[in-house]
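Record features (TrEMBL):
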| type | residues | note |
| --- | --- | --- |
| REGION | 16-90 | region 'Disordered' |
| COMPBIAS | 34-63 | compositional bias 'Low complexity' |
| COMPBIAS | 71-86 | compositional bias 'Low complexity' |
| REGION | 126-172 | region 'Disordered' |
| COMPBIAS | 133-151 | compositional bias 'Basic and acidic residues' |
| DOMAIN | 289-482 | domain 'Peptidase M28' |
| TRANSMEM | 504-537 | transmembrane segment |
| DOMAIN | 551-771 | domain 'Endoplasmic reticulum metallopeptidase 1/1-A TM' |
| TRANSMEM | 557-580 | transmembrane segment |
| TRANSMEM | 592-614 | transmembrane segment |
| TRANSMEM | 634-663 | transmembrane segment |
| TRANSMEM | 684-707 | transmembrane segment |
| TRANSMEM | 727-749 | transmembrane segment |
| TRANSMEM | 756-778 | transmembrane segment |
Amino acid sequence: MFLTLLTPSLPQLRLHPRMGQLRDRHPFRRRRAPPVAGVTAPAARRRPAASTPPRGEGVGAACPAPPVSPPRGSASRPPSPGAARVGPERGGRCGVAALFWPSASPVPQRARGAMERSAAAAVRRLRAAGGGGERDRDRDRRPAAPPRQDDGDGDCAPGKSRDGSRRRPQALSERRAAAVVLLFLLALRGLAHVAHRHLLSRPQRGGHPHFSAHRARGYLDNITAIGPRTVGSPANEVLAVNYLLEQIRAIETESTDAHKISVDVQRPTGSFSIDFLGGFTSYYANITNVVVKLEPRNGAEHAVLSNCHFDSVPNTPGASDDAVSCSVMLEILYTLSKSSEPLQHAVIFLFNGAEENILQASHGFITQHEWAKSIRAFINLEAAGVGGKELVFQTGPENPWLVQAYVCAAKHPFASVVAQEIFQSGIIPADTDFRIYRDFGNVPGIDLAFIENGYIYHTKYDTSDRILTDSIQRAGDNILAVLKYLATSDKLAKSFEYKHGNVVFFDVLGLFVLAYPARVGTIMNCIIAAIAFLYLGKKVFQPKTRVINNLKKFFTAFGLILLSWISTLVTVVIVAVFVSLIGRSLSWYTHFYVSVFLYGTAAAAKLILVHTLAKKFYYKNMNDLNLGDVFFDASLLIWTIALAVITQIGLCSAFICMLWVAFPLLTKLMIHKEFRQKGATIKFLLLYMLGMFVPYLYIMYLSWTIFEMFTPIMGRSGSEIPPDVVLAGFIVAITMILSSYFINFIYLVKSTKLTLITSTAVSVVTLILVCSGIFFPYSSDMANPKPKRVFLQHTSRRFHDLDGNLVKSDSGIWINGFDYNGISHITPHIPEINDTIRTPCEEWAPFCGLPWILPVHFMFRKNWYLPAPEIFPRSPIHFKVLSKELMPWNSVRLSFEVSGPSHMSLYIRPHKGSALSTWSLGDGTPVASIGGDYFVFYSHGLHATPWNFWIELTLLKKVLCEEVILRAKNVKMPVSNFWNFREAVTVANSGFNLY
């Protein structure tokens, strides 16, 4: 008779009842079965004869025979000694080697031969599966490897089957793992680069009038042709204003009957205090605003504002900051006025003429203009770079409906709540008109800025030809669509009703924007964090008999990850400090990837080294697969804790942590079975990378956006902050984030020697090259300049005591280096400028006795003063005390009158024993700057009357006296670069001369 047998790993077999035992060769078993008793080893491997009785020893004796029911018709027959024997799989895993029953009837010889041939074929297949023959014997002769500790979770530990037998899962090759990770990161970097450089995502549609970038470029070329446009200069107050009015009138004549255009030129005077740059007070007189209102023929009660500024800093045509935005607004005005569709609300276009003077013109408009009362929302157009994409980096406050308007209307979205929270934290030393409309007008809005190529921001290289036409087109498409959406929205009239909560928003590779209320984000974050904690808790507390051991393993891995991150940060920062001390700071300023090779590879090498040492000395006898599992869970715990903490703080940026918890957790659940059964196979790697694709792609995309904004800022961040330390810290942070879910690979691979040696070698070689000075920080390449910024002012100083006697008088060129390198790269080419002319701080005088145009003395403590002939300004200063009168409560009021150039600064330091209690500036409450002194910035347009103000001092002791120091600044137009040398443009932003 025949019995059909099915095994989990072998094809279906039909075995002859009296054939004898078949040797089972399992692919994972190496040890040879002992020979059958009384037979030599070669004979034992031969197929036994049909008459050979089954044996109870050898292979079949390792497992007890399971109870088998006799075949039908022989239930009452007692089993014979050799009946129903099952041969085991070696190592304790019981499979069937041979199964037979004695037959009650003889089998024909022909049938017996066919069955024997079939059994021989089955034997060959078994031997092929087990790698038989000489290869099997050679493998059997190898000494067995010492057993590794089993730290698995009960019966399902890696390397074990469910019945407890040992097997050898596939290990992860170092070369394969390193190649896959590197290619994965490079592919993500490539996608992020393409997303950043892809400006236009949708073609123009015909039909309705649409934005024309070519017409806008014509406006841009004409505005920048005027030259630098500083407040108070004829270029800004006359030429630029006349050009804008001429274009607006031309647009008005071509507008349809559905619209009405009104134009007003405002010249406000006012004052306000602001906590920007440590805090100061601003006063402006007779500055210029050009205001245009586009509304339905019957008028409109509510309006949306679009703001740009046409003034510039000295020595730059200001193409990106902010002539291009004004050109875009002119074209939007033209496009809307040509439309036959009437608007529901008015659109006000403000071309303000004094933004570079720290937001003065926008304050004059929002606090004094009659149209300002109708504004319910605004869009502010700014620049922190030259061209590229315009980033939405501020919204609100609150009013999530504004973000929703941008999401619905913008054709080429680019927005991030992360940028908003970074900017509003004060890390970036900059501000925009957004603050004025928010704080003084109580109006919500959207802030946009170009961020690409900030190296030439506020330099003479900021020309119109460097701004791509596609950049103008995408900005125009977006702003036109959003303005039109708001001007036809019912929510604009009732915007105060929609002021509820913040909103989480971010674009996905520039394709679309995801936005949802912050409270919804909080709920999502809490749910995902709870699921992650439940998953981790289950891993730790099951089985209950191993809770202590699981906790120990888990928190040891958690501590090792934190230790590796801290040690990596310390090591890389030490390298950055060393580079700064030897005078090689900013070596990466022109060659950004130098910073990646120097600090990024050093961070990677340190991380790998710490975990390699832990694996070798602490985990030397533990299961590799289980270690990889534990470290994955430890990384998941770190991100889950970060998610909970950031959500509790209330930051909308917590959505990043949510991505880094949800997707890895889903990936773990998806590949768990594959990893347990087969180890780190190619399929495991591919599924793992696929699951990590979304969080890694987004963090690569976001980090490159931040790099693009921050790297140029390091070249103008002052002389006190070591930029290498800042950038090294940022690179370490990105490295730690990217390594979060790759640390487990260190414990899965056989060795990390090659990766460790390679990354260390790259870092060391780069460090040697940096120390040799081969990477010059700056570049004068006209195609892509990266200039060094030096601020020079020709000054004349006179110091008087409290009695009015002249104490000190001098004249010279006051030099400020805008970056950490100071003048070290100038001295070799201009020996007169060296550290011997470094000027000390006059401690007895406010702000060190130096004529600051803004209160940034805390950022530039290294100053050089080169003696020069005295200068005689075109507009000399006239400063006099008008009156001195006693006031109640032991106070005295001093009244002054000042006239002079367009830019002046006033320092006030009350004498010991008195305090500045009030004054006629701002809201009447004096705002002290850093250090306790008071700083007032003054500017005026054309034909300004003398500046009159008063201050009131309160007596604190018996003697009341005061010290008032006035510093005036004049702008000389135009001013060109002073020096060009080697590969650097040494002076990129100069021109303020003080008189």
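Counting begins at 1 with the first residue displayed.
Keep in mind that glycine also has a Cβ here, set from the backbone N, Cα and C atoms.
All TrEMBL annotations are machine predictions without curation.
Keep in mind that this is a model prediction, so the values were computed, not measured.
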Confidence summary (mean pLDDT) of the domain 'Endoplasmic reticulum metallopeptidase 1/1-A TM' (551-771) | 92
When you check the transmembrane segment (727-749) against the transmembrane segment (504-537), do you get at least 3 Cβ pairs under 8 Å, counting only pairs 6 or more apart in sequence?
-> no
Is the transmembrane segment (756-778) packed against any residues at least 6 beyond its ends, judged by a Cβ distance under 8 Å, and which are they?
-> 575, 579, 582, 584-591, 594, 597-599, 601-602, 604-605, 608-609, 612, 786-788, 821, 825, 982-986
Please figure out which one of 504-537, 557-580, 592-614 racks up the most CB pairs under 8 Å against the transmembrane segment (634-663).
-> 504-537
With the cut-off at Cβ under 8 Å and a gap of six or more residues from its ends, the chain residues touching the transmembrane segment (504-537) are 191-192, 195-196, 198, 201, 389, 392, 395, 400, 403-404, 406-407, 410, 412-418, 554, 633, 636-637, 640, 643-644, 647, 650, 652, 654-655, 657-658, 661-662, 665, 697-698, 701-702
Residues of the same chain, at least six outside the transmembrane segment (592-614), with any C-beta under 8 angstroms of its C-beta?
-> 560, 563-565, 567-568, 571-572, 575-576, 579, 631, 707, 711, 727-728, 731-732, 734-736, 739, 743, 746-747, 752, 755-756, 759-760, 762-763, 766-767, 770, 775
